[in-house]
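As recorded in Swiss-Prot:
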- 26-267: domain 'ABC transporter' (DOMAIN)
- 58, 59, 60, 61, 62, 63, 64, 65: ATP binding site (BINDING)
């Protein structure tokens, strides 16, 4: 069926359909999303476990990035977007009227397809979010820079050039810098929207190895069009098609013995 070889680290899978509240980082309940009159997500319910990597896979335009962006309400920025249902982060509905969206996005970091460092130094990129929070102590900022760059496997490469422009880094280094910027504010969850789609194979492998390290500190949710990548990095995988959650299980089951024919057809290349 599929050569499942998660060489980047393996933990016994959880039963994602019977997670306890303690095991759950994100609970999505009867989620529907509309862009104007067009419905993009249809009644999605799932629980995403803490401290694991969960991958969303599916054909282009299937709704996987839309679903990802519901977790930190990035879809709020799209005119005409309407959401029904609930997305709970550690038990609290992020769509509750009293939720401060800026605070939510500090708790849920996000990395996009293309590296997007700011036109600032490497140092200032990392501390950007901390400065917005009012952190001014130099020692605190210095410590955060080293901690975050180490977490992003970038410290040894840039420790002697922290005050150089971030645009001088390679594409792979820039993406790791963006990850360092995201983790500097110590989020609970990291959302990765096709984070290696613009990178070369060597940089892609570095990011994949980094993802395996990041899950020791954060809950990671990744959207990827690359099924081999999903098999390598994810503990659990959700297959989405036409805005519907078709199948969700541990990655090994999805890629070697899927329960749904739609899933099997997709991962064997019959469509998508």
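FYI, residue positions are counted from 1 along the chain as it appears here.
Each Cβ is built from the backbone N, Cα and C atoms, and glycine gets one as well.
Positions of the features from Swiss-Prot, shown on the structure.
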residue	record	Cβ neighbours (10 Å)
58	ATP binding site	27
59	ATP binding site	15
60	ATP binding site	8
61	ATP binding site	11
62	ATP binding site	23
63	ATP binding site	23
64	ATP binding site	27
65	ATP binding site	22
Problem - Mean of the pLDDT scores, which run from 0 to 100, over the domain 'ABC transporter' (26-267) - result: 96
